[in-house]
Amino acid sequence: MKVLQEKILNEGKVLSGDVLKVDAFLNHQIDPVLMQEIGKEFAKRFKEENITKIVTIESSGIAPAVMAALELGVKVIFARKRKSLTLQDNMYVANVYSFTKQETNEISLSRNHIDESDRVLIIDDFLANGQAALGLMSLVEQAGASIAGIGIVIEKAFQDGGKKLREQGIRVESLAEIASLDNNAVTFVQQETAEVK
């Protein structure tokens, strides 16, 4: 997705060979026009899949998930990382290791909002080692729902998460695939190296 790649090049910051900071438009400050385009792109790619629900994880997956849901005319349910007083019982639970935060989180979805009749599209902001996607898949599978695919805003293709998911037969659609973050530069899969400002 060219507009997303341009945003990454212009506003993203490479912090190391495996960390890309995109808080200027995706996971702290949100660019709503970009999110709308991302939502349209996910909807276009998954329009034939009869999606009934989108599942994501708080908090950075919510904006792209909501925009895709708006385009597809379905609801979004987001997995919580923290316990809530209003959501104590009747939860599906999975453990997810966060590469960025270097910690394991228990994530949960209410059983009241997803069941075996749902055909789910999972959406998240990043795909690196695949732990968040696997955790979300576990929650969807616990509900007995089917997984139509996974939509990723930015995939770090140099890490093995995408490969692992695709080897399991999961359809993964990534809007920007990064081959490398070496030398303070973003290299997109099948693209030339571009220096990040």
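Heads up, the Cβ atoms here are built off N, Cα and C, so glycines get one too.
Keep in mind that what you see is a predicted model, and the values were worked out from it rather than measured.
Positions annotated as xanthine binding site by Swiss-Prot, on the basis of sequence analysis: L20, N27, K156. Annotation source Swiss-Prot lists 5-phospho-alpha-D-ribose 1-diphosphate binding site at A128, N129, G130, Q131, A132, citing sequence analysis.
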Local Cβ density at N129 (5-phospho-alpha-D-ribose 1-diphosphate binding site) - other Cβ atoms counted within 10 Å: 17
Xanthine site shell beyond L20, N27, K156, criterion: Cβ within 8 Å of Cβ centroid: G12, V19, K21, V22, T100, D125, F126, A128, I154, I178
Cβ-centroid neighbours of 5-phospho-alpha-D-ribose 1-diphosphate site A128, N129, G130, Q131, A132, 8 Å, sequence order: V96, Y97, F99, L127, A133, L134, Q159, G161
Cα separation, K156 (xanthine binding site) to Q131 (5-phospho-alpha-D-ribose 1-diphosphate binding site) (Å, whole number): 13
From L20, N27, K156: binding-site residues whose CA lies within 10 A of N129 (5-phospho-alpha-D-ribose 1-diphosphate binding site): K156
Binding-site residues compared (L20, A128, A132) - highest count of Cβ atoms within 10 Å: A132
Candidates L20, N27, K156 (binding-site residues) with Cα within 10 Å of A128 (5-phospho-alpha-D-ribose 1-diphosphate binding site): K156
K156 (xanthine binding site) and A132 (5-phospho-alpha-D-ribose 1-diphosphate binding site), Cα-Cα, nearest whole angstrom: 13
Other CB atoms, at most 10 A from the CB of N27 (xanthine binding site): 18
Inter-residue C-alpha distance, N27 (xanthine binding site) and G130 (5-phospho-alpha-D-ribose 1-diphosphate binding site) (nearest angstrom): 18
Coarse DSSP state, helix versus strand versus coil, of G130 (5-phospho-alpha-D-ribose 1-diphosphate binding site): coil
Residue among binding-site residues G130, Q131, K156 with least C-beta crowding, 10 angstrom cut-off: Q131
